[in-house]
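Participant: Swiss-Prot lists these features:
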- 13: active site, nucleophile (ACT_SITE)
- 13, 15, 214: Mg(2+) binding site (BINDING)
């Protein structure tokens, strides 16, 4: 089991994991977040959300100043104390949001793929799609290194679309509710490994890592963790890990923040 006194990093997905997928409630996890904060354990948020959205969430969760992984790993917000880093305050993996927009525009124009991106609609429509208020919806549109969209074509056409993207050095990632196009070099796992190495240098010791996630797109992140909590989710595909050893992986009975708390209780119950 883990100890709160270990050199430790916690990486967590948001929607469906730390946050309830429908209500965005996080309060069941509050006692653990407080304990981790008081013990100086970094809790690193990982999501398809934009950095602007996640910085606001960090403040709500009392995690401000810590690193975060946004846009499925295409953006890393650096620790507030790393201002000497040449890319401070954010690292961007691969090509920019505007460059990806241009690629998608050309593909849609040339091959008539059917999809609707967040850039195609206004804040009101985003609010209807997500259940967020208008101010929060505006933050979801502030992508820096990815494009979020709703796919409106057939599975066969999707396979063709993915092949075109791959040829252009891009990938198509399915999140909790939307699809995301980002550079093929980006990923939650690559971003997590970068941060683990940064903390190893800072602490002069390799951190132990615990990751929490609920969907198939969290598997790459959980695969690079020392320990993992698979929070019970709504996705029928489930979460398939390369190493599903029960000494390393706990699968919760509860969903969302209740499952998050359950997983933390499990790994730290003997600390």
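Here the Cβ of each residue, glycine as well, is placed from N, Cα and C on the backbone.
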Participant: Over all shown protein chains, what is the count of other CB atoms within 10 A of the CB belonging to residue 214 (Mg(2+) binding site)?
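Facilitator: Result for residue 214 (Mg(2+) binding site): 28 other Cβ atoms within 10 Å.
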Participant: What Cα-Cα separation, expressed in whole Å, is found between residue 13 (active site, nucleophile) and residue 214 (Mg(2+) binding site)?
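Facilitator: So the Cα of residue 214 (Mg(2+) binding site) lies 8 Å away from that of residue 13 (active site, nucleophile).
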Participant: Quick check: with 13, 15, 214 left out, which same-chain residues have Cβ atoms within 8 Å of the centroid of the Mg(2+) site Cβ atoms?
Facilitator: 14, 16, 17, 18, 19, 21, 47, 176, 213, 215, 218, 231, 233
Participant: Counting Cβ neighbours within 10 Å across all chains shown, tell me which of the recorded positions 13, 15 comes out on top.
Facilitator: 13
Participant: What does DSSP assign residue 13 (active site, nucleophile), in three states?
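Facilitator: Strand, per DSSP.
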